[in-house]
């Protein structure tokens with residue numbers, strides 16, 4: 001699968017620094033797609049620690065005795081992330097703590113993926129935590145004890161759960177991409193306003209990389225919504241789809257879709273796009289649940 005970046009998941013813990021208790025990096029863990037730990041160190045931040053946030057971070061003064069200095073840890077972490085696709089939840093906080101420009105990296109952030117929110121029936125929330133997403137979608141409790149980042153006390157490593165979440169939504173995304181891409185004009189595919197679940201080559205790269213690790217299919221739960229067998233139907237083809245040219249997964253034509261399938265958010269963007277109404281077409285109503293879900297996201 002040439003050209004597919006290596007996928008890693010990163011999770012950081014913070015402490016409060018100075019009188020304003022500004023967040024500083026106190027621990028960073030990185031795992032690869034197979035769940036192997038690539039990095040896990042306590043880090044001594046620059047500045048005086050005024051709040052260890054132990055109840056949330058699990059960090060204590062004892063951890064700082066032999067902690068790696070921030071400057072040294074930062075170089076180690078950034079070297080590990082170089083050239084990789086970084087998966088995480090609310091990654092802007094992690095990169096801020098690393099004093100690094102996040103735009104230099106290829107990332108996938110579960111905190112901004114609205115498709116995940118819809119899957120978990122959390123679409124009306126203004127903010128969604130990783131704990132809640134994992135509870136709703138994976139039926140797992142994470143971060144239940146201080147210091148549970150790497151499974152202390154039987155807890156699950158958040159980075160691994162992020163990858164499982166990514167695979168869960170990725171199965172829907174692959175179906176969407178294969179079905180919908182042939183009907184989207186290049187101008188729409190290139191539009192930065194188009195939901196990432198449809199157009200992003202970055203998303204497809206993540207899914208393709210994940211699809212090469214078949215063991216990650218095992219813990220995937222059946223969704224409570226949608227027709228029975230949805231997961232089985234997709235997971236059986238996931239390996240074959242990885243890195244393959246996109247093609248319609250179902251025999252659906254543009255005519256059956258009652259007009260061009262265009263991004264409603266782009267209306268007026270290039271003068272050629274229209275709003276999509278998923279409720280006014282019998283053909284659309286007959287489409288699989290995973291594709292109808294994406295219609296909702298386009299309109300949203």
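Cβ atoms here come from the backbone N, Cα and C positions, even for glycine.
Worth saying up front: this structure is predicted, and the values here are computed from it rather than measured.
Taken from Swiss-Prot, the feature Mn(2+) 1 binding site covers 11, 13, and the record attributes it to similarity to another entry. Annotation source Swiss-Prot lists Mn(2+) 2 binding site at 90, 93, citing similarity to another entry.
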(request) Measure the Cβ-based neighbour count of residue 93 (Mn(2+) 2 binding site), defined as the other Cβ atoms within 10 Å of its Cβ. (result) 16
(message) Using the alpha carbons only, what distance in Å do you get between residue 93 (Mn(2+) 2 binding site) and residue 13 (Mn(2+) 1 binding site) once rounded?
(response) 10
(request) List nothing but the one residue from 11, 13, 90 whose Cβ has the fewest other Cβ atoms within 10 Å; the candidates are the binding-site residues. (result) 90
(request) Would you kindly give the Cα-Cα distance separating residue 90 (Mn(2+) 2 binding site) and residue 13 (Mn(2+) 1 binding site), rounded to the nearest Å? (result) 12
(request) List the Cα distance (Å, whole number) between residue 90 (Mn(2+) 2 binding site) and residue 11 (Mn(2+) 1 binding site). (result) 9
